[in-house]
Structure formats: C-alpha cells, structure tokens
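Student: Questions regarding the structure given below will be posed in turn.
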Amino acid sequence: MAAPCVRTVTVFVIVFFSCLAGAHVVELDDRFNEARKSGKWLVEFYAPWCGHCQRIQPIWSDVGEKMKFSHPHIHVSRLDGTRYGVLKEIEYLLTEEDEPVRTLSTLQLELKVYLTDYCNTSIAISSAGLIEPDSSLYYQSNLDCTVILTVNNPSRILLQFYRFFLEERVNGVCVDSLTVFDGSAENSPAITEALCGRVDSFEVESTGSDVTLVFQTDDDGSNSGFGIFYTAFNDVPCSADQFQCNNSRCIDSTLVCDTYNMCGDGSDESNCDTGDVVADTGLPMIAIVGILVVAIFLVVLLYAAIRAAINKHKSKKLMEQLMNEMQKNVSANQFTDEDFWGSEKNS
C-alpha cells in the first residue's frame with residue numbers, strides 16, 4: 001500500500017496494511033466515527049490479504065502494550081478497511097488533487113482493470129491484477145457491462161474478492177449485481193450467484209482459461225463497489241519461472257514477496273526478507289515511520305516523566321535544607337515579651 005502520510009491529529013492515524021492482534025489492541029467496527037470522539041486513537045487500517053501481516057504483528061502488539069499507560073491515554077486499535085468499506089474512501093481523503101492517491105498504486109501487478117473501461121470486450125492476462133468497477137469513488141448507474149478475462153492454456157484464473165459493497169437487495173432482489181461465469185460467455189456455468197449488498201472476503205477459480213464478469217446497476221443509488229485480485233495460475237508441476245504455492249498452484253515468480261497474497265494461501269509471502277521488500281516496494285517504510293512516530297512519542301512521555309521526578313526530588317531536597325538551616329539557627333525572640341507596639345506587656 002502506498003498511503004503516503006502519517007497524520008497526528010485528534011485521531012492519530014497510521015495508514016498501512018497488516019493483520020495484527022494483541023491484548024491491548026482494540027478491534028474497531030463500522031462505528032469508528034463514534035469511537036473516535038472518545039479520545040485519541042492510533043488506528044491501523046488493514047486488509048486480510050496483506051502479505052506483511054505476520055511480520056508486523058509483534059510490533060503492533062508491542063505498541064498496544066506500551067501505550068496502555070500513556071497520558072493522555074491513546075487507544076491503540078485496528079480496523080478491517082476492506083470489511084467496512086473505508087479503504088477506498090481513505091485514498092480520496094489523502095489528497096485534494098483531481099487524481100486521488102490510489103492505495104494500491106505500488107502494487108506490482110500487470111494491469112488494473114476498471115470494468116467500465118472494458119465493457120463488452122475481452123482482456124488477455126498473463127500474470128495478476130486488480131479489478132474495480134471504475135476509477136470513481138462510487139460506481140455508475142444504468143450499467144450493463146460484460147468483461148471477459150482470458151489466459152493462455154493450460155492456465156486458469158483465481159479471483160479473490162477482498163472488498164464488496166453494492167446496493168442492498170430490494171424485496172429480496174438485487175438491484176445492482178455482479179455475476180461471474182466459468183467461461184467466455186454469459187451462458188457459461190455461473191461460478192457465483194448474482195452478488196449484491198455487502199459480501200465478506202472469498203475466492204473462486206475457473207476450470208478453464210476464461211471467466212466472464214457481468215456487472216449491472218439500476219438507475220437509482222450506488223455504493224463503493226468492489227475490489228477483486230485476479231491471478232493466472234496452473235496446477236503443479238511448476239515451470240522454472242513459476243513459484244509453487246503450498247496449495248499446489250503455480251504462479252508467476254515475480255508475484256512472490258510483493259506484499260500481496262496471490263497464491264490464496266499466503267505462501268508466496270511467508271518467507272520474505274523484510275529488507276528486500278523495503279527496497280523493492282517501499283511499503284514497510286510506512287510501518288517504520290509509524291513505529292518511529294510512536295517511539296518518539298514514548299520518548300517524549302518518558303522525558304517529561306523523568307523531568308517531573310527530578311524537579312520533585314530537587315524541591316524536596318531544597319525544603320529539607322531550609323528546614324535544617326532553620327533548626328540550626330534557632331534564636332530567642334526578643335519581641336516575645338513586647339506587645340504589638342513594642343511596649344512591655346502587662347503582667
């Protein structure tokens with residue numbers, strides 16, 4: 001992910017993708033905007049398909065452990081941005097330019113497919129890519145768009161749905177829908193039913209070298225759409241320029257350690273050198289910057305606590321010295337036998 005900012009505001013936000021858990025890390029849901037009103041938050045927006053999950057997990061848990069004693073208190077938390085549909089909105093909030101910062105812009109995939117740019121056409125693919133309805137925040141109305149993805153035999157196509165938000169059903173019927181067919185035509189067997197509303201992450205694969213996607217919308221209302229990773233693969237044995245996944249899929253070797261789970265089981269991201277990933281994609285630098293921000297904040301808190309303790313100790317020592325001096329130099333008060341005006345008191 002290339003979300004190029006770490007912002008320190010009422011809600012402290014580090015935008016980078018990972019899958020982390022810890023006893024002191026709060027799992028947020030779609031009520032995030034309400035939760036943020038209760039104080040300061042350090043929020044991690046993550047996605048289940050991120051390849052950095054396991055490598056970042058101990059760090060974020062450690063941050064949660066250390067920040068539980070912070071003053072003022074900062075809630076360390078995380079939010080599944082794909083499930084609650086915030087990731088695509090975040091990329092628009094990061095810039096005021098006409099062209100928004102795309103959160104997946106550094107993904108080393110051969111092609112990003114916006115369906116509305118390829119309606120009623122066929123696209124030849126050879127490696128992997130990303131499918132979205134279009135480049136806008138919300139998809140268009142009155143669409144009847146059919147796109148065919150095709151790969152060379154004997155390859156097949158893996159589709160991983162990581163984000164899906166269309167209009168909800170009306171009277172039990174989808175008013176906006178996406179359907180995937182196992183072949184090069186709409187009369188091919190359906191891999192999925194007509195999908196609509198909110199759908200959790202899942203994956204499907206073709207039996208052959210083609211899949212057909214049919215996206216239809218009505219004339220009223222829209223939503224943020226969907227995000228689908230596609231990967232060309234074949235079954236073992238793998239060729240010399242392929243990587244063998246633990247699930248016996250063979251994918252292009254260039255997809256290994258690209259921070260994204262293209263095997264479907266995460267095995268292409270399980271044995272990656274962090275240093276190489278930093279050099280190749282720059283993604284962990286976001287995490288590093290975030291950790292540095294937290295570290296600096298903790299150092300400042302520690303420094304303030306030490307200074308307060310030192311000042312308190314100095315004040316105590318000074319008072320002790322003053323009391324000692326006063327006790328050493330006790331003298332008779334010559335005015336004790338005189339009244340306020342200096343005259344002798346009457347017996």
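Heads up, the Cβ atoms here are built off N, Cα and C, so glycines get one too.
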Student: Which one, Cys245, Cys250, Cys272, is listed by TrEMBL as the other cysteine in the disulfide with Cys257?
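Tutor: Of the listed candidates, TrEMBL names Cys272 as the partner.
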Student: Just confirming the record: what cysteine out of Cys238, Cys263 does TrEMBL connect to Cys250 via a disulfide?
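Tutor: Answer per the record: Cys238.
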Student: Consult TrEMBL and report which candidate among Cys196, Cys245 shares a disulfide bond with Cys263.
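Tutor: Between Cys263 and the options Cys196, Cys245, TrEMBL records the bond with Cys245.
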Student: Could you find out if DSSP has Cys250 (disulfide bond) as helix, strand or coil?
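Tutor: DSSP call for Cys250 (disulfide bond): strand.
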Student: Provide, as an integer number of angstrom, the distance between the C-alpha atoms of Cys263 (disulfide bond) and Cys250 (disulfide bond).
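Tutor: Cα of Cys263 (disulfide bond) to Cα of Cys250 (disulfide bond) measures 8 Å after rounding.
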Student: Just to be sure I understand, if DSSP states are collapsed into helix, strand and coil, how many residues of the domain 'CUB' (119-233) fall in each?
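Tutor: The breakdown for the domain 'CUB' (119-233) reads 0 helix, 56 strand, 59 coil.
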Student: Looking only at Cys238, Cys257, Cys272, which of these disulfide-bonded residues has the biggest number of Cβ atoms within 10 Å around its Cβ?
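Tutor: Most Cβ neighbours within 10 Å: Cys257.
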